[in-house]
Amino acid sequence: MNSTAAAINPNPNVIPFDDTYILYDSHDFLSFLSAYFSLMPILVLAFYLSWFIITRELEACIVAFGQLMNEIFNNVIKNIIKQPRPVSFGASFQNDTIRSGYGMPSAHSQFMGFCFTYNSLKIYTSWKNLNFLEKCIFSGALALLSFCVCFSRVYLHYHNLDQVIVGFSVGALTGSLYFFIVGIIRELGLINWFLKLRIVRLFYMTDSYNLAPLTLKENYEAYWKRINQRSFNDKSKRD
């Protein structure tokens, strides 16, 4: 049996891709569900990428860069504290990778703490077209999603409760600080200066999400306005 396995995978340096390699109890539905919630940070980053590709919004790059810096900061803290995880996942777990195998603070929880805080502040300060209740609903949805991710890390025994609480708290702190720094950069006019660079203009990048965020209804109405205007212009040319 062992010789067969060695023949299939003879390379001793092959290890699991830890970002998507999640162990769960196959007889426990909640454990199965928690495995999917543990993938949420990857899905969020995929959303940022697709958001930028489709809309060319600079905000997608700004928040993704902040999340990346937050992730690096998490690695630094882990290698300083060096607190082990509550359960060992084997010698190959995050061994010889750029990520730390330590448990304090939880990277997933810190990611969601940053995501929740930064985007909640954005909702309350920039989304002028929403009333207070609507803002609370959006922020509450982010809070619920963050809770599910944090819970999954404890339930799957990747972290203990303290590691998750500290991780989320550190993420919330860095998210708030990053939001403040981005605000200062905007006030200084550096965002507009960046968007006016020739190489940036080639990508048609904008900052409309910050200046004038639109609702789905406004986007829909603007779409039909363009369609009707185009039809009118075509008709005028034929006449």
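In case you wondered, yes, glycine gets a Cβ from its N, Cα and C as well.
Per Swiss-Prot, these features apply:
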type     : residues : note
TOPO_DOM : 1-34     : topological domain 'Lumenal'
TOPO_DOM : 56-131   : topological domain 'Cytoplasmic'
TOPO_DOM : 153-164  : topological domain 'Lumenal'
TOPO_DOM : 186-239  : topological domain 'Cytoplasmic'
TRANSMEM : 35-55    : transmembrane segment
TRANSMEM : 132-152  : transmembrane segment
TRANSMEM : 165-185  : transmembrane segment
PLDDT averaged over every residue in the topological domain 'Cytoplasmic' (56-131):
83
Would you mind splitting the topological domain 'Cytoplasmic' (56-131) into helix, strand and coil residue counts from DSSP?
44 helix, 1 strand, 31 coil
How about long-range neighbours of the topological domain 'Lumenal' (153-164): same chain, 6 or more residues beyond its ends, C-beta under 8 Å?
22-24, 30-31, 34-35, 38, 83, 85-87, 89, 103-106, 108-109
